[in-house]
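Student: Straight from TrEMBL, here's the annotation block:
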type	residues	note
ACT_SITE	43	active site, proton acceptor
BINDING	141	substrate binding site
BINDING	171	heme b binding site
DISULFID	12-93	disulfide bond
DISULFID	45-50	disulfide bond
DISULFID	178-210	disulfide bond
DOMAIN	2-304	domain 'Plant heme peroxidase family profile'
DOMAIN	301-504	domain 'Plant heme peroxidase family profile'
């Protein structure tokens, strides 16, 4: 079956609009999304074709593409933007749009957003059902390969030298981790530690940037030091000035087969844009799956553990449930995040907070500090559990539902995607008497708070990050009224508060 730009015209007419709106919001919030998504698309298509197999998660019997060494640095924002678009599309036209098509469309839209060329994206790809980390290494170019090796790798996949040079121009945006180019800075040769073709000032700046790269692997530098966030032809101009970051970048200038193209694209942005658009169209058709060769995945990744076989619709059911609830009541996300925290911090993540009291026991949910827990949060878990019991009775624990629901709701309100492993069992004991000592109060000192988290195995950094959950939701006045009316005998209002807040 041939691909078509109008593939979803009848079955999901809002497809392009939904993807465009999703990527626009994400790029505005995180400007690195465009470069990360372009790289993700390339890494997906070059390994077994454009089939979204790079999204599939590893499990106990298989290590998937995304966990191959070279893919460890793929952008979380890129994964997340596809997750967000997929979630929105599943609400509008469930089971219709493939993850592979979402990634292809999102990549084009993001390239255009940062100044790059518009090129047509034909649709109708199916999602792959196989993802093997062992297939990755041989199918992706490395920064330390020779130009002969790089040209051969692309040629074996049907790409010309011109197409390879144009696709490499994607380095006009984004960054690379220091470990990818530090050999050029510190270990070029026994007699010359720094690659002599690098601009000296550029090299010295990179040495400072990457001074601690061995202890901090996240350290990085922009691929295009002049216009790092703009898709343009400055990347090629940089190569001629010794401002190329990677060894493979500089190799384009040295090789007589590629140098004329570098010259052309450095002088003529229109020629580069035309070549890049053509190459991206071709890349987007590389070894695609259509018809019965693949499937339309309802979720971007497979599930961990037994639920993949015992309740395959688990994640989509939870996602659909929480999406509807959040749309109806926008406070659901914050309430569920708090519910998850209150559950996990008292006797672990076992859904014991959902157990009701009876005539012989006061349960966790009826402890004083839990009286203000969100009814919407309790309800969203109950709704998901009811739906799951109809589909796969007796299989999915309430604690797994709460964990997945929390992650999905965090994403819905703009937060990050993170993996949720499954297989929790529900606790059988729930005692209100265990709550007070295991939940932190708002009036505690920082020393108390740090010690409280440390006892549970959390670092200060993790404590501060978890506290960032307060970016959503609300607190009842009684939790902070002392700061407004009873700070001390001489100063009723805490002087460190922003002064308009108590008055408004």
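Cβ from N, Cα, C; glycine included.
Any TrEMBL annotation is an automated prediction that lacks curation.
Can you tell me where each of these features sits in this structure?
Tutor: DSSP classifies residue 43 (active site, proton acceptor) as helix under the three-state reduction. In sequence order, 54, 65, 70, 71, 74, 136, 140 are the residues near residue 43 (active site, proton acceptor), counting only same-chain partners six or more apart with C-beta under 8 A.
Using a 10 Å Cβ-Cβ cutoff, residue 141 (substrate binding site) registers 18 neighbours. According to DSSP, residue 141 (substrate binding site) is assigned to coil rather than to any helix or strand.
Taken residue by residue with DSSP, residue 171 (heme b binding site) is part of a helix.
Taking Cβ-Cβ distances under 8 Å and a sequence separation of 6 or more, the neighbours of residue 93 (disulfide bond) in its chain are 8, 11, 12, 14, 15. DSSP assigns residue 93 (disulfide bond) to coil in the three-state reduction, placing it in neither a helix nor a strand.
Under the DSSP three-state reduction, residue 50 (disulfide bond) is assigned to coil, being neither helix nor strand. With a cut-off of 8 Å between CB atoms and residues at least 6 apart in sequence, the same chain places 41, 44, 100, 103, 104, 125, 283, 284, 285, 286, 287, 288 near residue 50 (disulfide bond), listed in sequence order.
For residue 178 (disulfide bond), the same-chain residues that are 6 or more apart in sequence and have a Cβ closer than 8 Å to its Cβ are 206, 209, 210, 213, 217, 219, 220, 221.
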Student: Just to be sure I understand the packing, how many Cβ atoms besides its own are within 10 Å of the Cβ of residue 210 (disulfide bond)?
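Tutor: Other Cβ atoms found within 10 Å: 20.
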Student: Judged by the number of other CB atoms within 10 angstroms, which among 12, 45, 171 is the least packed of the recorded positions?
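Tutor: Each of the recorded positions 12, 45, 171 was scored; lowest Cβ tally within 10 Å is 12.
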Student: Give, as a single whole number between 0 and 100, the mean pLDDT over the domain 'Plant heme peroxidase family profile' (301-504).
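Tutor: Taking every residue in the domain 'Plant heme peroxidase family profile' (301-504) and averaging pLDDT yields 85.
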Student: According to DSSP, which of helix, strand or coil covers residue 210 (disulfide bond)?
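Tutor: Where residue 210 (disulfide bond) sits, the three-state DSSP reduction gives coil.
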